[in-house]
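Per TrEMBL, the features are as follows:
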TRANSMEM  12-32  transmembrane segment
TRANSMEM  38-57  transmembrane segment
TRANSMEM  62-79  transmembrane segment
TRANSMEM  114-134  transmembrane segment
TRANSMEM  141-157  transmembrane segment
TRANSMEM  163-182  transmembrane segment
TRANSMEM  194-213  transmembrane segment
DOMAIN    512-586  domain 'Transglutaminase-like'
REGION    619-660  region 'Disordered'
TRANSMEM  669-691  transmembrane segment
Amino acid sequence: MKMTWDRALYIRYSLIAVFYSLMLLPILNLLMTINALAGRYILFLFFVLTVLSSVFIKKVWLYLLIQTGLFFVFIYSLFPPTTDRVLLSEWLPEKWELGVRQWQTLLAANLTEVPALLLMTGLFFLISALTFLLFHFNLPLPAFFTGLVYLLTLHTFTSRNILPYLILLVGSAFSLVAISQIDIASHWQTVSNTLLFTFASLLVLIGLSYFSLDQLKSSQEWVETKSNAYQKELDQRGFFDWINNNAMGLGFRRTGMGIRTDKLGGRLHQDFSPVFRAFTQRPNYWKVMHRTTYNGFGWDSEAADTQKTVTFPYTAWENGSLTAAQRQNMPEREDISSIRLEWIDDLSYLAYTYGWLELDYDSASEDEFTVRLDDKNDYFTVQNEEGVSGDYLLRYDRSFPTRFDEKALREDDGWREELAATYKELSSEDESVQAMENNEIIAYWFEDELQLPPSLPSRVYDLAEEITAGLNSEYEIVRAVETYLKEDGGYRYSLLDVERTPEDGDYVDHFLFESQVGYCDNFSTSMTVMLRSLGIPARWTKGFTPGSLIETDNDAPYFLVDNSNAHSWPEVFFPSYGWVPFEPSPSFANPVTNQEDVASIRGETYSFDDDADILVIDDTDTAPSNTDDPNGDGSDGASTESEAESDNRESEETASSADQSLTEGWSAILYPALLFIGISGSVIAVFRWHLLLWLPRLLIRTNTLSLKQASQLILRLYYLKHKPEPGQTVQMYMNDWKPFASSHKQTLDDFSQLADRAFYGPVNSQQQFTDNERKVLVNLLNIYPSLPNVDVKVSHQI
């Protein structure tokens, strides 16, 4: 049973209209929502009428006339006259003047509101043009690329999630291309099979695209890290500045040391502007400030009423950042080293390392250099005279460890009981203190560092309890939360894919349970809040990562720190060492508490394996003595057995790690491979005839084949769809195709004559063809995709 032409054409146009609407209407709705434009349904009505006009009106001049009338009617309904009883002759100049004014403002990059008239005018013209190209020239790709460019622009410069729109756009575009390739005059079963195969391929492709996202997280992070150089190049050329200045409502924030932290969130763009040089070869996290009050959206930026002017040199003793043990064991002079920090632009704040002892001027004098300290946040602000060097010296304890080992931090387990007992002993006459529980005393002493808003959702508390269930050591609890955020929780690091917190939401809760994508602020704030929910004092810290080590032949080596190194992390209180930094952000490693000797921080590799600077606590009471060892090697049977067991455990762990690495390696290969196969299969399914005919067209157009070879090649292609009868001539065979190509009968006859001359005439078989002959051959290839797959006699008719 064959489909009639009118019925088949109606079905094709209906399918095209459906998928065209699915491709563009959601994107138009998104555009109207983002720009808060009125007239959403008027735009949709214009879209529907334009589609109907393209389907039923085939004369170009009539289509243009109808669209012009629709344009003025809908523009008038959206932007009516400002006063009553205004004639059309007065309304047109009024709107023309408004449009010109909006255009000039747009070019001057001085927009303060969305240019609604310009935008709606552009949308009406764009819809008319794309619809005309689709229905009159069978070109769906312009509409596809228009939607794709808009979504990619939106994704690059806002925090919108475009994945559902992108999947719908790609699926609809492939469907449109597939429908445009279907021969509507062929057997209904052929049409059904083609549609079924195409849509099945699309579903496979969409499924692989969606479910491969989690498996490709590491690849996304790798791409984001490796693209820093290209981002820097675009930044230097002013690309992001131009976008930020001209994109109304699409502005973004840059990385850097901002002091307003009340409301965190939203996407960031890397700013590679240099900040300072630190003349040292030792990688450090550079602290600038910390915050203590979490408000549900960020960290309160406290007023400056706690500031005081300090004089240089200024010591950590005065600052109060040293613990009692550190005050009793101040280093000797020979154990103190200096780092010179050379500020590139005007110095407005100080950065310092962990273990710092003293801040001092370098070349400036006290009169030219004023420093104020906010005691509550350890934030040093600087005012210096114009032209005066902003360099300063930072002296630190060389014996202060570059890295703590686990044993060093486990020493403080049980400190809460000791603090409570000491406080009660000192307040022995105060009955209210004696009645306090240990947790109440800790809450009193660390009120700011344990603060949480009452609105914090209970599931944040529940998650922290779940992660640390069964752990008693405070150090293990801290590491468990850190590891969960950094590795085990499935969270992804990104500067671009970050959502803003909903107005009725909580910053930490939204990150942990909803978006699960963020950058350092999300990870560090979440760890700080989760530790506080467990009763562990913690605070949120801002500063810089080590930067890039620069080594030259002429100058001393130094770390160059720029705004892209701006970072945040949590600090946790350990009495023996004060506030110790931890690092929950993926792809980052803090030198002080990093557990590996070598780490990569956003593309920079650092070595922390410096035995002279690593603090290792030895248990001297149980260390074996050489005098007690008859073998003189400091070992005995028990230790040998212990070492053997340790080796066995290490072997098991290594094997397990190897298996895990192998599994991850196969996953990293399998999912991209399946995605590639799915995409390739879908492309081949949709464009199969174009791919098949590309080479024959090229060979004919470049005169690579003779007339006889070209005729043989084309006939072999046609034989794939319909085999010739025994003894059938080329003319008779071409006549079999005429019912399926009624508008190309002349081309079929011309080819029959060419083939007869090539096969049976006196013409040399190697003769090259003329331009007219080449045109006939190419035309015959062009009509090939529209012919059905039949193997029937010529008597079968449509």
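The backbone N, Cα and C atoms fix where each Cβ goes, and this holds for glycine too.
Unlike curated entries, TrEMBL annotations are predicted automatically.
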Within-chain partners of the transmembrane segment (12-32) [C-beta distance under 8 Å, separation at least 6 from its ends]: 39-40, 43-44, 47, 51, 55, 123, 127, 130-131, 134-135, 140, 143-144, 147, 150-151, 154, 160, 165, 168-169, 172-173, 175-176, 179-180, 182, 184
Counts by DSSP class (helix H/G/I, strand E/B, coil) across the domain 'Transglutaminase-like' (512-586): 21 helix, 30 strand, 24 coil
Model confidence over the domain 'Transglutaminase-like' (512-586) (mean pLDDT, whole number): 89
